[in-house]
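*Asks:* Pasting the relevant annotations from Swiss-Prot:
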- 1-27: signal peptide (SIGNAL)
- 43-1407: region '4 X 308-326 AA approximate repeats' (REGION)
- Asn180: N-linked glycosylation site (CARBOHYD)
- Asn525: N-linked glycosylation site (CARBOHYD)
- Asn626: N-linked glycosylation site (CARBOHYD)
- Asn637: N-linked glycosylation site (CARBOHYD)
- 712-1058: repeat '3' (REPEAT)
- Asn715: N-linked glycosylation site (CARBOHYD)
- Asn787: N-linked glycosylation site (CARBOHYD)
- Asn801: N-linked glycosylation site (CARBOHYD)
- Asn830: N-linked glycosylation site (CARBOHYD)
- Asn926: N-linked glycosylation site (CARBOHYD)
- Asn1227: N-linked glycosylation site (CARBOHYD)
- Asn1280: N-linked glycosylation site (CARBOHYD)
- Asn1289: N-linked glycosylation site (CARBOHYD)
- 1408-1450: region 'Necessary for membrane localization' (REGION)
- 1451-1478: region 'Disordered' (REGION)
- 1469-1478: compositional bias 'Basic and acidic residues' (COMPBIAS)
Amino acid sequence: MELYPGVSPVGLLLLLLLGQGPSQIHGSSGENTLAWQSQQVFWTLKNFPFPCKPKKLELSVLSESVHSLRPSDIKLVAAIGNPEIPLAPGSGTINMEKPQSIKNQPQDVCMGIMTVLSDIIRHFSPSVLMPTCSPGKGTAVHTTAEDLWIQAKELVRRLKDNPQLDFEKDWKLITVFFSNTSQCHLCPSAQQKSHLMRHMEMLWGVLDYLHHEVPRAFVNLVDLSEVLAMDLQHQETGFSPAPEVCKCTETTTLSKAVMQWSYQEAWEDLLASSKFNKHETFAVVFQPFFDEIEPPLKRSSPQDPTTLALRIWNSMMEPVGQKDGLLNTAERKTMKCPSEESPYLFTYKNSNYQARRLKPITKLQMKEGSEFTCPDKNPSNSIPTTVHSLRPADIKIIGALGDSLTAGNGAGASPWNILDVLTEYRGLSWSVGGDETIKTVTTLPNILREFNPSLKGFSVGTGKESTSRASFNQAVAGAKSDGLAGQARKLVDLMKADKTINFQEDWKIITVFIGGNDLCASCSNSTRFSPQNFIDNIKNALDILHAEVPRAFVNMAMVMEITPLRELFNEPTVSCPRNILSRLCPCVLGLGDNSEELSSLVQRNRDYQKKTEELINSGRYDTRDNFTVVVQPLFENVSMPRTPEGVPDKSFFAPDCFHFNAKTHARSAIALWKNMLEPVGHKTRHNNFEIKAPIVCPNQASPFLSTTKNSNLGNGTWMVCEERAPSASPPTSVHTLRPADIQVVAALGDSLTAGNGISSQEGNLTDVSTQYRGLSYSAGGDKTLENVTTLPNILRKFNGNLTGYSVGTGDSSSANAFLNQAVPGAKAENLTSQVRTLVQKMKSDNRVNFNRDWKVITVMIGASDLCDFCTDSNHYSAANFFDHLQNALDILHKEVPRALVNLVDFINPSIIREVFLKNPDKCPVNQSSVLCNCVLTPRKDSYELARLEAFTKSYQSSMLQLVESGRYDTREDFSVVLQPFLLNTKLPVLENGKPDTSFFAPDCIHLNQKFHTQLARALWANMLEPLGKKTDTLDPKGHISLACPTKDQPFLRTFRNSNYKYPTKPAIENWGSDFLCTEKSPSSQVPTSVHELRPADIKVVAAMGDFLTTATGARPSGYKRLATPWRGLSWSIGGDGKLETHTTLPNILKKFNPSITGFSTGTLDNKAGLNVAEEGARAQDMPAQAKTLVKKMKSTPTINLQEDWKLITLLIGNNDLCLYCENPEDNSTKEYVKYIQQALDILYEELPRVFINVVEVMELAGLHHVQGGKCAMPLAVQKNCSCLRHSQNLTAMQELKKLNWNLQSGISELSYWHRYMEREDFAVTVQPFFRNTFIPLNEREGLDLTFFSEDCFYFSDRGHAEMAIALWNNMLEPVGWKTSSNNFIYNRTKLKCPSPERPFLYTLRNSQLLPDKAEEPSNALYWAVPVAAIGGLAVGILGVMLWRTVKPVQQEEEEEDTLPNTSVTQDAVSEKRLKAGN
C-alpha cells in the first residue's frame, strides 16, 4: 500500500497534533454472517412522506462530472466498514420493516443503512440496483484495519461481476465507515500516536485503492465515533473495543468541542487538497457525525439504521464547510431535498470550499482601551472601617471567581483561530484582568489602578488558574456553580498565604460570576441544576468569603440572560462553528422556538436571577460593617449586538461565537464599574454593548461604592437616563413626543390619585382622610425625585419647567391640588365633572398655555364603583361604566389640544380584600361595610365574590375595548393609551405568608408612599414600552428599575410609534348574554297579587303583535325568502337555544324558572307556541289576536289557567305607521288606542293571573330617515312601508313623526287606567324603551346595519337581542323611572337583576306612585299621573327633536349632558315631582 505522493505521513500527523486519539477500523468477522445473496435483508421506509420533487430535477443526459452528480444519476449504493450499531427497532424516528429472523450483526446494520439510502435514491433513480455491503474475511471477534482492505477488494470484485451494472459508465455511491473511539483529545501518548498513524495510513490506502480501481464513484467517508461513543454509554455492543484509558489530567466540554471541530477541519482540508478531489470522475467527502443538539435525556440511543441513513443523505445535501452534523429531534425527522439551484451532491469543488490554511488567520488587534477623565482619584483621609464608606482609591486587592468568561477563554483570539479559544487570556478578563493600561485594555482592575496604581491581585497574560500569572483570578473554565465553593476556598487560602498583602487590613474587591454553564446543562439534569441548588451553591461560596475574608466588597454579577445566543446560532448569514456552540450549550440551542422546554429554560434563567437577588437582599451578608455583597445586574437583560444591516454581530465574540472577545470584555468592565457606582435598587439592568460607553465617575456628593446601606434613597429614585433632550422644535404630533417636551401634567380619579393616607402613620386611621396630593404617584410634585418618586418628579428631570403637579395636602379645590382634580370616593359617573373642572383650570391659569403646551393627563377610576356595585348592580354595570368613561374621554378629546392621556387600570379589589381580611389586628375589620362593602364583606368562595370578579373583569374589558376602538386616535395631537401595569398585581407578602401591610395606609385599603413609589416607576416604564409589549404585572416588592428613552426610541409610546395595530375584533358568534343575577328564587308561596310577582313565579309567556314579534327577517335568507318568520329568535317570545347564545325574554326567564312554557321555537307555524303575532298585523287586529291567544291558553293541557302566572307582551303600531298615508282618517290615535284597549279588555275578562307588557311603538321615522343608499334592497322598504317612500318630503315626514308621537302618547296612559287596577291579579305596564329611538352607529360613526335585515327594515337577531334586554330592564324599573330610550351598545352584561330589596316586576302600585289601597281617593289621581307623564313626554320629544336638529349645526358646542344613551326622560321627573306633591 502506498500513500498519495502529495500527502506524506507528516500530513496525517496533523490529525495527531490536533489531538486525535487512535482510530479503530472495524471490519466484519465473517462469522455468523448471512449469505450475501441468499439471505439478503430488505429494509424499507414505512409511512414516511417523501417531500422532494424528483421530476423537477431530472436531466436526460447522465452527468459526466462527479461535481454535478445528481441523485438520479446513481445506479448503485454500497458500503464497506461496519457501523456496528446495535439494532433497536422502534427507537428511531422512522419505523422499519424487517424479518424477525434478523440478528444484531454488523452486516445487518450496514445493510439496513444502505437499503434505506437506496430507497431514497430510488425516488430519483427508479433503476437503482439493490444495495450491497461487502463482508470481511476475518475470524477474530474484533478485527483490525486490515479487514477494511479485504472488504474494499471484495466490493470491487462484486461491482465488476455484477451483470446489471456497467462498471465503467454507471455512477456508484460508496460509503466507507470507520470509527475513532478514543476520547482523549488533548494529550495522546506516543504509543497512541503511533497506533493512530498506522491505522490512518491504512485508511488512506483504502481510499487510494478505490480511487485507482473504481471509476465514476462518489465516496462518503463517515466517522461514527460519536454515534458509537454514545451507544457505549447505554450498553456494551460486543463489536467495539473499549476506549483506551485517557492519560489527560483534565478534559472539558470546551476542549472536546474544539478538538472535535478541529478534527473535522483537518479531514476537510486534507481531503480537499488530495488527489481524490482533483478529477471529474471520483470524489471523497468527509461526512461528520457529531452528537445531536438536544438534551441527553431526549436522545434516541442507540441510533437505528434509518436515522443514520437519513443523516448521511442530509449531509450529502449540505455544502462542504456548512455540514454541522448536528440535529435536533425535528431535523432528524426531516429529509432534505436537492434544490433547483444546487441539484447535485456536494463536493469540495462545487461547495467552493476554502481550506483553513488559506483562510486569513492574521492576528487582529482586538483590545479596546478607554479614556479616563475622573478628576477625584483620592482615597479616604484615613483607611475606612466600614464598607459603606469605601472609595475606589481605598481598594488594594482584587480577585474573582467564576467560569471561562472570567478566565478569559478566547478573549485575545483572532477571528479564525478557533483553537485559540482554549487559551485563557486572563489578563484581558473584564473583572480581574490587568494587561497593559486603561488606554489600551479596559478592565475593572485597570480602572481601579487609575485610583490606586498599587492595586494587587489582578491576572496578566495567559494560563490556567493554577499559574502565578492568574494571581487571585481563580475562575475555572467550564465551572458550574457546584464548583464555586472550591474556588472560594482556594482564593481565601491564596490570599492568606500571600506575604505581599495585609489580609486583615487591605480592602478587597471580589467579583463572582457563575451560572451560564449550569443553564447550558440544566435540561439534562433539572434536579442538579435547579434554581434552588444553584442558589445553595452560591450561598456556600459566599458564606466562605463572609466567614473568612475581612474588609471585602463582593460583586455578585447576576447570571446572564442566555437565550439571545440563539439569535447568533440561528442566523444563517453569520459564519459560526455551530457544532461547537451546540456542544457548549445544548439546552439553549437545541430547543424549538415555541417549545415548552425553551419556556422552562427561560423561566429557569429568571429564577436563577431572582433567587440571587433574594439571597443578597435577605441581609445575610450585611451583618458586619467590613463586608457586603452587592448584586450587579449588568447582564440581566442583554441585547444581542447587531451590525448596521441588522444581523447579529459576531465581532463581539471569540471565534467559537460563544465566549467574549476583548471588546466585549472591555464593555462589560465599564458596565460593571457603572453598576458599582449606582445605588442599590437603581442599577442599570439592560446593556447594549453595541454602544461604547464612557467610564463614569464617582459622584462628588456620593463618592463611595454603592452598598445597600449607603444607597438607602427611601422612596426616591436615582435618575440614570442620558437621553433627556427635548425635540429640536415643539412637536406637532403626539406620536413624536419626547418626555422633555411635556410642559403640563394633570390627573383625574379617586382617592388613590388624590393621595389619601399616603403619608399616614401606622395606627393613625383618622389621618387617612388627609389627601397627600404632593406624594400622589401620577400627579404629586413634593421635593425631588431623589426623595419622592412620582411621575411629575421623573418628568422634571427632563423638563425643569414642568407645571400642573400638586404639592402638599388639600382637596381638589385647594391651590395645592392645581391640576390634580381627583376626588376621594369618585366613581366613573363623576369623571365628567372632574374633566370639566380640569379643562376650565387649564384654560384659565396663566401658567398653562392651553393651546401650545403638551400635556400628560393620567386617568384612574373604577375602584369606588366596585366598592358599591352590589348595592345596585344595574347602576354600576359594565355598560354604564363604559358610558361614563367614554363621556369623560370624549370631552378631553374634543376640548384639549396637545394631550397624551394615560388610562390606568385600577388595582384588582382582591388585593385589597386579602390585605384587609388577613390582618385583623392591624386593619379596621369592623368598619369594612363602611369602607368598601361590596369588596370586603362577601364570604370566601361565595357567589357574591364571584360576581365581584366578573364585574372587575368586565370593567377592565370595557377600558380595553374603549381604547382599542380607535375612537381617540383621530387627531394628530391627541391619543389615549391604556397603561396596564396594574392588570395583574401581586399581593406583597411577608415570609410567614401574611400580606405585607407596610405597603398600605392604616385603613389597609389605601396605598402608602412605598406603594405609590412603585406605581410611579411602573407607570413611567409603561409609558416608554410599545403597545403590544407593555408590562401588565406589578410586584410591589420587586425591583422596578427606572426606564429610560433611547436614541432609537426617544418617544413616549403610542399606537402609531409602536407600529401597533389594534386587534381586529373577533367575529361575534352570537348575541347571547351573561347572567349575573343572584336573586333567582320564586316567592315562598305562589303570589296572589301581581304587585308581588317575581320573575321566577312566571309559568307562561305569550306575545301579540306584528313582524317584530314574528321576528320576520331576523336571519339572512335571500331576497325571495326575506319574509321567513324566525319566531324562535323573537325578542319577547322566542325560546331557541339558551340565554348564552340567544338573548330573548323567555331565555332570560328560563334562568329563573327552567319549566316556563309558551315560547316559540324555530320557524314553523306549529312551533309558534303562544306567539299569535302576524307579520302584517295592525292595531285593529289586536282583539282577534287576543281571542286567539285566550283560546290557545285554554286548550293547552300543560297550562293551569287559574293558577299559573302569565306574562304577555304586546307591541303593535309599526304597520299602522307604515300605511297611515294611504288612508290617514282610518289611522287616528283614538282608533289605535281603542283597538289595544279592546284586546286588553278581552284578556282582562278571560285570563286570571296576568302581567301584561305593552311596549310603546318605536320611533319609526327617525329610525329609517337617514339610511341613504346603504340598504341592500331599498325597494323592499318601500313595499313594506309605503309611507317611507316620502322620506325626502319634509312635510310628509313631519306628519309621520306627529302620528308616531301621538301613538306613543296615547298608549302611555294604559298603565294608569283604573279598569286594569281593579283586580289584584292583573296589571298592564307600559314599557317605553322605544319612545326615543336612536339610530345605532358603528365605531366609524356610520349607521350600524348589523341591527337590521337585508332590506334595512326588519330587525336582525342582534336587534332582537337588544330589544329583549331593553324590555327586561324596563320590567325591573319603577313606573315613572323607566328608561325611555334604547341603548344598543353591545355588552353581554347589560341585563339588570332583581335585588332582595326589590325582587318584583314593577307595576304602578309597587312603584309607589299610588297610595295604599286603604287610603285610595277618587279616580282623579289615576288621571293626574298620566297627564303629567304626557306633558313630560312632550318635553322629552321636543328635546330629542331639538337635539337632532341642532346637533349637526352646533356640534362644536355640544355638551356631555346631551348624550342620551342611558338618560331618564323628563316624564319621569314630572311623575316623581307629582308623587312628592301628593
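Backbone N, Cα and C define each Cβ position, glycine as well.
Keep in mind the model is a prediction, meaning the values are calculated, not measured.
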*Asks:* What is the separation, in Å, between the Cα atoms of Asn926 (N-linked glycosylation site) and Asn787 (N-linked glycosylation site)?
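*Replies:* Here the two Cα atoms are 36 Å apart.
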*Asks:* How big is the Cα-to-Cα gap, in Å, between Asn525 (N-linked glycosylation site) and Asn1289 (N-linked glycosylation site)?
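*Replies:* Spelling it out, the Cα of Asn525 (N-linked glycosylation site) and the Cα of Asn1289 (N-linked glycosylation site) are 84 Å apart.
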*Asks:* Sort the glycosylation sites Asn626, Asn637, Asn715, Asn830 by C-alpha distance from Asn787 (N-linked glycosylation site) and give me just the closest.
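*Replies:* It is Asn715, whose Cα lies nearest.
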*Asks:* Can you check which residues sit near Asn830 (N-linked glycosylation site), meaning Cβ under 8 Å from its Cβ, same chain, 6 or more apart in sequence, and list them in order?
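*Replies:* Same-chain residues close to Asn830 (N-linked glycosylation site) (Cβ under 8 Å, separated by 6 or more) are Val823.
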*Asks:* Out of Asn626, Asn637, Asn787, which of these glycosylation sites shows the lowest number of other CB atoms within 10 Å of its CB?
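*Replies:* Least crowded of the glycosylation sites Asn626, Asn637, Asn787, by Cβ count within 10 Å, is Asn787.
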*Asks:* Identify which of the glycosylation sites Asn525, Asn715 has its Cβ surrounded by the largest number of other Cβ atoms within 10 Å, counting every protein chain shown.
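*Replies:* Of Asn525, Asn715, the one with the most crowded Cβ is Asn715.
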*Asks:* May I ask for the distance between Asn715 (N-linked glycosylation site) and Asn801 (N-linked glycosylation site), taken between their Cα atoms and rounded to an integer number of Å?
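*Replies:* With the alpha carbons as reference points, the distance is 23 Å.
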*Asks:* Since the record lists Asn926, Asn1289 as glycosylation sites, which of them has the fewest other Cβ atoms within 10 Å of its Cβ?
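*Replies:* Ranked by other Cβ atoms within 10 Å, the glycosylation sites Asn926, Asn1289 bottom out at Asn926.
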*Asks:* Going by Cα-Cα distance, which of the glycosylation sites (Asn626, Asn637, Asn1289) sits nearest to Asn801 (N-linked glycosylation site)?
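*Replies:* It is Asn637, whose Cα lies nearest.
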*Asks:* Name the secondary structure element type, per DSSP in three states, that contains Asn715 (N-linked glycosylation site).
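*Replies:* Coil, per DSSP.
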*Asks:* By a simple count, how many Cβ atoms lie within 10 Å of the Cβ of Asn801 (N-linked glycosylation site), its own Cβ left out?
*Replies:* 8
*Asks:* Kindly assign Asn637 (N-linked glycosylation site) to one of the three DSSP-derived states: helix, strand or coil.
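*Replies:* Note: Asn637 (N-linked glycosylation site) is in a strand by DSSP.
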*Asks:* Over the span of the region '4 X 308-326 AA approximate repeats' (43-1407), how high is the average pLDDT in this prediction?
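*Replies:* For the region '4 X 308-326 AA approximate repeats' (43-1407), the model's average pLDDT rounds to 86.
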*Asks:* What does DSSP assign Asn626 (N-linked glycosylation site), in three states?
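*Replies:* The three-state answer is coil.
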